[in-house]
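> Got these off Swiss-Prot a minute ago, pasting:
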type     : residues                                    : note
REGION   : 168-393                                     : region 'Catalytic'
BINDING  : 195, 197, 293                               : sulfate binding site
BINDING  : 195, 196, 197, 198, 289, 290, 291, 292, 331 : ATP binding site
ACT_SITE : 196                                         : active site
ACT_SITE : 197                                         : active site
ACT_SITE : 198                                         : active site
SITE     : 201                                         : site 'Transition state stabilizer'
SITE     : 204                                         : site 'Transition state stabilizer'
SITE     : 328                                         : site 'Induces change in substrate recognition on ATP binding'
């Protein structure tokens, strides 16, 4: 088992356990300034406190931050590729000074740690965006930098009170110390870690087993359940899938543990960071995928990162990281032999292969199409269908232009109710109340068919606008105010979109 990055596991919770009561009393006294952490900051803090970000024992000061941005190294020379910073707004920053202690809160309530401020500095976000994430304005991390992150960063060391509170999957959230102890007790000295932010299917099971066999190792399935790419499948659905997949490995070969990481989708730099984290968790090998941690297409329609940038950068640090890189070998299904095989071992001109892309899978889930057993296990498909119902079971919101007759809402409701099918329908009277309008996505996700008027700013999945204005999803002629004509047009539109099946 490799040593933690930097030689020592910075388990701050264990280190500070003897003074937890004292720290908690100080934090709850009201004498210290407090900061309520964002979702990303909570993820970062948890991995500092539990040692997943070893050798870090706090948020980066300005010197370390600049060194990481410019050189992918801390000031002491250790490889570190992603800046871990505590961003705050200008008003809060103005209240801080060196050596001041501040309380870091979860949900503005639970004290997690006390930070002793080393410095407060204003980063050059343009340089960070370019050096760390290649600068494209469409990159999720660049968007976060300029649209969400505070203007100032606070550096400093941490004293741990407790890890963030999680109410889901407590048995699957292993800290680095816990995993290392389990690996040691089971004599797992060689462990290959598999990073994922997506559901797993048969191909993933096959490639991880092959990686383990070729390296004479065990398998750590280590999915991210913090923040991932916007639009990804929620972690609850994914964890239910992982719990089923883990049953499909030979007994004693694989272990599942959840990683509370806030991904930056930083491609090659992020892959190095992921390798360091897995090393801290006790893995000796790490599978680096094709376009690892890549966010897709940039503003010019080209992939943000090259397909092998991540593998090449991790490999270049191999001697310093003390973790073996296992290149992701894509496998494909051979229907004539009923087995999976690495695609680079197959002559595709002579051998028939089958595959289902991510886009095709989403289409089949949406349309209720078949997902064959060779692609995924029935239990996994069932979970995905529950969380991704087909169009006839999905909700929608129809937003009527304010110029349309109010009676149209009643006409649409009556028409929809006669079709049955189990979907609930509701006319939502909102009075431009933002709190009520904020509930629309929840209604839609629950499968409700909503009808509302005078909410032109409303946007989202399965939200359709009806009217004569340009940009309407269901355009109407200005002179057409015949309610029956409009109802028919709406019904045909919804049928075409798959919400109704006659």
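Yeah, the Cβs are placed from backbone N, Cα and C, and that goes for glycine too.
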> Compute the C-alpha separation of residue 331 (ATP binding site) from residue 198 (active site), stating it in Å without decimals.
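Residue 331 (ATP binding site) to residue 198 (active site), Cα-Cα distance: 17 Å.
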> For residue 289 (ATP binding site) and residue 195 (sulfate binding site), what Cα-Cα distance in Å is obtained after rounding to a whole number?
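Given the Cα positions, residue 289 (ATP binding site) is 9 Å from residue 195 (sulfate binding site).
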> If you measure every Cα to Cα distance among 195, 196, 197, 198, 289, 290, 291, 292, 331, the residues said to bind ATP, what is the biggest one in Å?
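The two farthest binding residues have Cα atoms 19 Å apart.
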> Of all the recorded positions given, 195, 198, which residue's CB has the most CB neighbours within 10 A?
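Result for the most crowded candidate: 195.
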> 291, 331: which of these binding-site residues has the sparsest Cβ neighbourhood within 10 Å?
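Least crowded of the binding-site residues 291, 331, by Cβ count within 10 Å, is 291.
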> How many neighbouring Cβ atoms, not counting its own, are there within 10 Å of the Cβ of residue 197 (sulfate binding site)?
20
> Should residue 204 (site 'Transition state stabilizer') be counted as helix, strand, or coil on the basis of DSSP?
helix
> When you put residue 293 (sulfate binding site) at the centre and draw a 10 Å sphere around its Cα, which of the recorded positions 196, 198, 201, 204, 328 have their Cα inside it?
196
> Among the recorded positions 293, 328, which residue has the largest number of other Cβ atoms within 10 Å of its own Cβ?
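Compared across 293, 328, the most Cβ atoms within 10 Å surround 293.
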> What does DSSP assign residue 293 (sulfate binding site), in three states?
coil
> Can you tell me the CA-to-CA distance separating residue 201 (site 'Transition state stabilizer') and residue 195 (sulfate binding site), as a whole number of Å?
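Between the alpha carbons of residue 201 (site 'Transition state stabilizer') and residue 195 (sulfate binding site) there are 14 Å.
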> Which residues in the same chain, at least 6 apart in sequence, have a Cβ under 8 Å from the Cβ of residue 196 (active site)?
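Listed in sequence order, they are 204, 221, 222, 223, 224.
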> Among all chains shown, work out which of the recorded sites 201, 204 has the most CB atoms within 10 A of its CB.
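Counting every other Cβ within 10 Å of each candidate, the maximum falls on 201.
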> Whole-number Å distance between the CA of residue 328 (site 'Induces change in substrate recognition on ATP binding') and the CA of residue 291 (ATP binding site)?
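Rounded to a whole number, the Cα-Cα distance is 10 Å.
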